[in-house]
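Following: one structure in structure tokens, then a few remarks.
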Amino acid sequence: MLKLLINKPKRLIGLALLLSLTVSAAAMLSLHEMRVDAFERAKDAGANIALVIEHDITRNLEFYSLSLQNVADRLADPEVRRLPDHVQRMVLFDGRIQAQDLGSMLVTDREGRVILDSKVEPARALDFGDRDYFLQQAKSDNLGIYVSKPFEARTGLGLAIALSLRLNDADGRFSGVVSGGLRVRYFDRLFSGVTLGKNGAIALLYADGTLATRRPALTSATAAAKRSEHLALFANTAGGTYLDASVRDGVERLYTYRRIGNYPLFVAVGTATEDIYANWKARAWWIGMLVVLFNVVTLAMAYLFAQHLERRIEEQRRHAELAATDALTGLANRRALDERLDAEWRRAARERQPLSVLMIDVDHFKAYNDHYGHPDGDAALQAVARCIQANLRRPGDLAARYGGEEFCVVLPGSDLDSANVVAETIRRAILVLNIPHARSASTALTVSIGAASGTPASSGEPRAATLTKAADAQLYRAKTSGRNRTMP
């Protein structure tokens, strides 16, 4: 694997990119799980708070309801009805209900006039015949305990809600109401002990979505008057959870609500999503920055290392090319020729294709060197090499310096006829160069060429050197036949 990366530097960048994507995906998955965990923790915390508050309110309302029922039961006794008012007060009213947030327990007649007051004797001259709870009890004989909407109490209790119970005479006809007031301040004080974050809210609502009280309090009466449609949908359930923007202040919150006992009241605990995800957002920012930094550093290092490897590979390639190149002519050297010839021999054996070799010798080159000098001799060899290379048309053909003034051409896939065509083309092209040669009969530099071709039946046959020997033999024939010609 390491060798593969070293040989293919760009794959290193691909691997670094894959690593960066993997780390990014893992970070995103982790952040998603952290976000879900934050949501679930907020949900559990809201449920626990709602449960504790619901138990506290239910306990107080149940106690007050039992006190009302006790008064109603005793007033159903004619004997109690005939007792003097101060004695009735002692019989009817439990001293335990004198808590700070509980108002007077009042008994009214069928007109709504107060006839008994648990805290004041004689009873204050108050009339509650216009109160909603009185009217509801008067028209329904099986309403049971009725919880009113908040109102400003006439007894000095402040903003309060009333719990009421219908009273009947011996004939079952409406004879009045027993009621008790509970300060809304009780709920406010209970809610103030709950911490829900900077934008959290806790509220007491009726089953129809009407707001009884809320912390923090709303400054707009219009906002307070709006009803929660979600709670109205869940009016017949014991509790639940939903996520929505508040109809009163527009803040998105996770709401957990619970019904208060069997009463038409709900406590709703709302934790703002901004608060739920505040810590998560801070962590996500840092994790995101670290992932970005990791990715940038990883990709940058991979890129720089890949560049270094590419330069190194290119340098090695140049060195290998130089090692396989003849310094004077720029053609392949003898070692490169032998390696290529062996490779082409094996390929020709596999593919059952012909392989041809040309051996080229510059005629009377020693005499040329002696007459013109070695620098001109080198220039002549370079010109011959360029001419040979220029007349090889196929990418697979190879021209090499065989040694001294000899050259060799490898022609894969060429039979002897094709090889002779190439050989004759090269011979004529060199003659056209018209390089002066005073010691040659033709007065110009010429070459003799020997060609040989074969189709190896298997790679196990005698090596490719047999072709060069055969071509060399044909070259010898060309030279002994007068030079400046090709053989066969």
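Glycine residues also receive a Cβ, built from the backbone N, Cα and C atoms like all the rest.
Remember, TrEMBL labels are computer predictions, not curated facts.
The following features are taken from TrEMBL:
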- 284-306: transmembrane segment (TRANSMEM)
- 353-488: domain 'GGDEF' (DOMAIN)
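Along the domain 'GGDEF' (353-488), the predicted structure has mean pLDDT 93. Beyond the ends of the transmembrane segment (284-306), by six or more residues, the same chain brings 9-10, 12-13, 15-17, 19-20, 23-24, 27, 30-31, 34-35 to within a C-beta distance below 8 angstroms of the stretch. Using DSSP to sort the residues of the domain 'GGDEF' (353-488) gives these counts of helix, strand and coil: 59 helix, 33 strand, 44 coil.
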